[in-house]
Amino acid sequence: MTSAPSGSPLLSQLNETQAQAADHFTGPALVIAGAGSGKTRTLIYRIAHLTQHYGVHPGEILAVTFTNKAAAEMRERASHLVPGANELWMSTFHSAGVRILRAYGEHIGLRRGFVIYDDDDQSDLLKEIMGSIPGIGPDTTPRTLRGILDRAKSNLLTPDDLARSGDPYISGLPREVAAEMYRRYEARKRGQNAIDFGDLITETVRLFREVPGVLDKVQNRARFIHVDEYQDTNKAQYELTRLLASRDRNLLVVGDPDQSIYKFRGADIQNILDFQKDYPDAKVYMLEHNYRSSASVLKIANKLIENNTERLDKTLKPVKAEGAPVAFHRATDHRAEGDFVAGWITRLHGEGRPLTEMAVLYRTNAQSRVIEESLRRGGIAAKIVGGVGFYDRREIRDILAYARLAINPADDVALRRIIGRPRRGIGDTALEKLMGWAREHRTTLLEACARAVEDNIIDRGAQKPVEFAALMGAMSEAAENYEPAPFFRFVIETSGYLDLLRQEGQEGQVRMENLDELVNAAEEWSRENEGGVHDFLDDAALLSSVDDMRTKKENRDVPEEAVTLMTLHNAKGLEFPVVFIVGTEEGLLPSRGALTEGPGAIEEERRLFYVGITRAMERLFLTAAENRMQFGKTNAAEDSRFLEEIGGEFDTIDAYGQNVEYRAKSWKTYRPTVPAAGAGYSSPVKNTSPLTADMAYRGGEKVSHPKFGEGQVLAVSGLGERQEVTVHFPSAGTKKLLVKFANLSKA
Ligand SMILES: Nc1ncnc2c1ncn2[C@@H]1O[C@H](COP(=O)(O)OP(=O)(O)OP(=O)(O)O)[C@@H](O)[C@H]1O
Ligand SMILES: [Mg+2]
C-alpha cells in the first residue's frame, strides 16, 4: 500500500489506514470494518479528497446511502469539505431510481407522469385483484402478498422466475398462484401508469440492461461511485451498483457484515463478502479502531458479537477511555421501565446533558407508546423517528391521492380512494358500472366518469360522475400551473374536503391542522427544492417508505431540544452520547419471530443488538421488564439471552441507581418448540449447543489447504455434511469450499 500524501490538511484528520482509503483514486475498493471505526467519515473525506487533490468534478461523484436521513447528513458534512458540493449526487438507492426513471423511463415504456405506489396503494390494488385469482383464499392478506412481491423484486425475479422457482410454496401459496398474482398485479399497475417501491430499483436495472445508451449517460454522472452500509444491499441494489460501475470501475464500498440487519427484506450479506470475488483487483482497507464509544461500551459490543458463528473476525480496539460502566436495570413492568428511562433522562439533563444527545432505542414501534407516556409525565420533549408518519395519515393520503389523480388520470387506485371523500352521491353500484365500462373500453375510470351521461353508463345520477371528472380537470390544470403549496390549498378547498372536516368536530379540527401542515411542508419544500407538484409527490412518496426523514414533518410541534425515540433498525449509522436500549427480553430482542425461525434469525437479532449498543458514545443503559403487556395481555418476561452472553460486563442497578447483584432470569425455560432437525439455538454456554459443537471452523481462524496454501476463514455456513467455509487465500483469492471435501487443516 502506498502511504497517504503527507501534509494534506484533509487527510491529516484521519488515521493512517483511513487516510490510505481516502486517498484511493481509481479502481474498486472495499472498506470493511466494525462499528464506529470511521467508515462513513472516510467515505466523505475520500469524496472531498477526490475533488481537491485529484481534481475530480463534484458532478461526477455519486454516493449512495441507506436512508434519506443518512444522505442528508452526508450532504451536510460534505458541504463543509467540498467546494461545489451541491453538484454531488448523494442519495438513497430509491431516490436515485426515481431520478433516473423520471429522466429516461420512457425508454422502457413508462409514460410521463407515472406515480409511485407506496405500501398502502399496493394493498389497495391487491385487494382489488386478489378476489379473482383462483387459489387465493380469504385468509390470505394483502400484507402477505406484498411480502411476496417485495422479496421477488429484491431478488430481481420476474413472475415467470417465480413460477419456476425451487420452492413449491411461496409464503404459503402454491408458486403458480403466487406467480399469477404477481403477473396480474404488474399488469394492473402498468395500466395505471404507476410503479412501486421495488420497481424503483428493478426498473432501473431493466432500463440499464435494455438501453445501454442510457446507462452510458448515467455513468457520466457517476464516474466515482460510493456505497455506504454495503452489507445491507439486496440483489437488485447489488446489480444496480454493478451496472453503474461496469464502465469506469471506480467503486468504493464500505460496510460491516456484523451490522447486516435487513435480511428479512432481502439483503444479502454475501454481497460484501464476495466483493473481492467480483473485483479481484479490489483494494481492501480494514479499520481497527473505534472512535465512537467508550471502552466499556465497546467491550460489551465485542463480547456480544463474538457469539455469532457465521462471521468474519475483526479487531475493534477502543480509542476512548473506559468511561462510565454500562448499566442494566430490570423493572417490574413496562411502565416502570419507561419511568426508569424518564428518571435517568431527567437526572442527566439536570446535570447539563442536552436532550438532543440522548436516544431511546427499541425493537418494535409498539414499544414507543409507553416510553412516550413516561417522558410526557416527566415533562421531557421527545421526537419519534418512524412509526405512523405524517404522510400515513388518512387526510394527508386523501389529498395526496387527489394530487396524484390530477397528474395521472390513469390512477384508478387514487380515484377509488377519493371519489367518496367527501360523498358525491356516487354509490357502489354506480362505481361498479363505471369500472365495468372502463374495463370494456380499455380506458380509465376517470374517462368513464366523464362519459357517464353521454354513454348512458349509469341509470340515475349520471351527472355526478361527470361533475367529478370536471373537478379533476380543473385540478389537473392547477397542478400544471401552481406551485405545490397553492396547489394543495386549491385541492383542499375545491374538493369539498374542508367542509367534510368541519362537520367532524374535534377530530376534524386535528385533521384540518394536519392539512395545514401539508401546505406548510409544501412551502418549505419549495424553498429547498426546485420543481412542481409532481416532484413534491415523488419526494413525499419516498419519505413515507422505509425511511425516517418524515420525522421533521411529523414532529412539527416538538421543540428542537428533544430526546430521540426510534427503532434499532432506524438507528443504523447514527450516534448519540447517551443511549437507552429498552426491552432486552426474550420475545422482543431476540424477537418472537426469530425465536421460532432458528439460529440464523437469532444471529440477525444479535447483530441488531450490536448495532444498538454501538450507537452509544459515552453512556449505555439496558433495560428489561419482569412483566410486559403485549397484544393486550400482561405476561412474565424473561431476560434476553444476549444479556447472559455479555454477563459480568455491566453494572446492574435498581430504580434508585444503586448497584445490585445481577441474577439472571434464565431464558431456557422460555424455549419455544424445537425447530426442524439440524437447527439449534446458539447457547450462551460455549460448545454445548448443537450449532457450536458442530462447527468445525470459526470466522477468523487460520487454515491451510493442500493447493491454495494458508488462508483465513471469512465465513462459515451450513451444518454437518453441507457445511461450507469461505476462505481468503492470499495466493489464490477468496474460495467457498465444502468442508467435507476441502481437505482443510487448521494452520
Ligand atoms: N480519525 C478520526 N479522528 C477523530 N474522530 C474520528 C476518526 N474516525 C472516526 N471518527 C469519529 O468516530 C465516529 C464514528 O465514525 P463513523 O460514523 O464514520 O463510523 P462508521 O464506521 O461509519 O460507523 P457505523 O458502522 O456505525 O456506520 C464519528 O463521530 C467520527 O467523526
Ligand atoms: Mg457509518
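Yeah, the Cβs are placed from backbone N, Cα and C, and that goes for glycine too.
TrEMBL: automatically predicted annotations, no manual curation.
As recorded in TrEMBL:
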type	residues	note
BINDING	Ala33, Gly34, Ala35, Gly36, Ser37, Gly38, Lys39, Thr40	ATP binding site
DOMAIN	12-294	domain 'UvrD-like helicase ATP-binding'
DOMAIN	295-573	domain 'UvrD-like helicase C-terminal'
Could you give the mean pLDDT over the domain 'UvrD-like helicase ATP-binding' (12-294), rounded to a whole number?
93
Using the CB centroid of Ala33, Gly34, Ala35, Gly36, Ser37, Gly38, Lys39, Thr40 as the ATP site centre, which other residues of the same chain sit with their CB within 8 A?
Asp256, Leu287, Asn290, Tyr291, Arg292
What residues, ordered by sequence, lie under 8 A Cβ-to-Cβ from Gly36 (ATP binding site) and sit at least six positions away in the same chain?
Asn290, Tyr291, Arg292, Ser293, Leu298, Leu316, Glu575, Thr614
Just checking, which of Ser37, Thr40 (binding-site residues) has the fewest C-beta atoms within 10 Å of its C-beta?
Thr40
Just checking: which of the binding-site residues Gly34, Ala35, Gly36, Gly38 have a C-beta under 6 Å from ligand 1?
Ala35, Gly36, Gly38
Around ligand 2, within a Cβ distance of under 6 Å, which of the binding-site residues Ala33, Ala35, Gly36, Ser37, Gly38, Lys39 show up?
Lys39
